[in-house]
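A.B. asks: I am attaching a structure below and will ask some questions about it afterwards.
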Amino acid sequence: MSSALARPTRAALRRSFSTSAQNSAKIAVLGASGGIGQPLALLLKNSPLVSGLTLYNIAHTPGVAADPSHIETRAHCLKGCNVVVIPAGVPRKPGMTRDDLFNTNACIVATLSVACAQHCPEAIIISSPVNSTIPITTEIFKKHEIYNPSKIFGVTTLDIVRANTFIGVLKGLDPARVNVPVIGGHAGKTLIPLISQCTAQVDLPQDQLTAITGQIQEAGTEVVKAKAGAPLATLSMAYAGAQFVFSLVDAMNGKEGVVECSFIKFPEADCAYFSTPLLLGKKGIEKNLGIGKISSFGEKMIAEAIPELKASIKKGEEFVRNVK
C-alpha cells in the first residue's frame, strides 16, 4: 500500500470549497434530532455546497427541520438525495464500551441501511461509528444487489481533527495547518495516527510519541468521562462529519486532489476493512492512496490493531447474516 499523490492540508481544503452554481448536493441526515445530528444539520445548512437538506429522525423531526429552515441559505428540504449521512445511534455513557452498544446501534444502522438501499440506492453513504457498523451497511447493500465499494464511507475525521489539535498544541503550531493521517479503525488501539507523516514536520522523542498517540486513541473516552453521563462528543463529531461531507461534495463537483481518510472495504489489506487516505472523486472513491511509508512504531501499532479490527468486522458481518 503506497501513496503517490501529495496530500493537501486541511486548511487548504477548507479555503478551496467552491461556491459556483454547479453545486447541487442534496444531502439527507438520518438521526437529525440527536446530539450529533442537530449541529451537523446546522453546519450543512450553512454551507453553500448544499442545495438540498432532508432531515430524518424517529422523534422531534418537524421541530428540527423547521429550525434550520429559517436560516437564509439556499438549501431546502428536497427528495432525491445523493449523499446520506448517518449519525444516528445511542451514545456511549460512562462505564460502557463500544461493544456494549453494539446490538442497539447495529439494529439502527441496519434499518437505515435497508431504507437507503430501497429508496436511494445510488446515494453515497457516510456513517459513524465504524468498526462494526460499516460492514453492516456493506452486507445489506450486497443483499439488495446494489453494493458499490466506492460509495460507502466510515467517518474517521474526528480522529484526525483531534490528532491535528493535540499536535498543534504540543508543538505550538496552528492546528488548521497540521494534517496527521489516521489509519486503521475508530476505537482505542485500532486507531493509528501516523505522526511521522504529519504535513508539518514533527520530531518527537519516543516517550512523547507514545504519550500523544495514547492521548489521541483515548480522546473519546476522555470526553465520555468528562461529560459524566451527558451526550458524548457531539459538537466535535458534527464538525468532523461536516468537514468530510464538504470534502466529498467538493470532489463530486469536480475539484481535484481532495484527500480524506475513511474506514472502507479494503480487500487488499490484512483485514477486510481499513481506514487509509483516499483520493475522492465525482463518484466517491477515485483511488486508495494506501498508508505510505511508516515507521517501525507505526508497523507495531498496525500489528496490534489487526486482531481487534478483524473481530469487530466479523461481528458486523455476522449480525447481518443472522438478521431474517
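Cβ coordinates are placed from backbone N, Cα and C, and glycine is handled just like the others.
Quick caveat, the model's predicted, so the values are computed rather than measured.
These came from TrEMBL, pasted as-is:
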type	residues	note
DOMAIN	26-154	domain 'Lactate/malate dehydrogenase N-terminal'
BINDING	G31, A32, S33, G34, G35, I36, G37, N105, M237	NAD(+) binding site
DOMAIN	156-320	domain 'Lactate/malate dehydrogenase C-terminal'
ACT_SITE	H186	active site, proton acceptor
A.B. asks: Taking each of the binding-site residues G31, G35 in turn and counting other Cβ atoms within 10 Å of its Cβ, which one has the fewest?
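C.D. replies: Each of the binding-site residues G31, G35 was scored; lowest Cβ tally within 10 Å is G35.
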A.B. asks: Quick check for the class: what is the C-alpha distance, in angstrom and rounded, between G37 (NAD(+) binding site) and H186 (active site, proton acceptor)?
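C.D. replies: Rounded to the nearest whole number, the Cα-Cα distance is 19 Å.
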A.B. asks: Sort the binding-site residues G31, S33, G35, M237 by C-alpha distance from H186 (active site, proton acceptor) and give me just the closest.
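C.D. replies: Sorting the binding-site residues by distance from H186 (active site, proton acceptor), the top entry is M237.
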A.B. asks: Here the recorded positions are S33, G37, H186, M237; which one has the lowest number of other Cβ atoms no more than 10 Å from its Cβ?
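C.D. replies: Among the recorded positions S33, G37, H186, M237, the sparsest Cβ neighbourhood within 10 Å belongs to S33.
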A.B. asks: Over all pairs within G31, A32, S33, G34, G35, I36, G37, N105, M237, the annotated NAD(+) binders, what is the largest Cα to Cα distance, rounded to whole Å?
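C.D. replies: For the residues that bind NAD(+), the greatest Cα distance is 17 Å.
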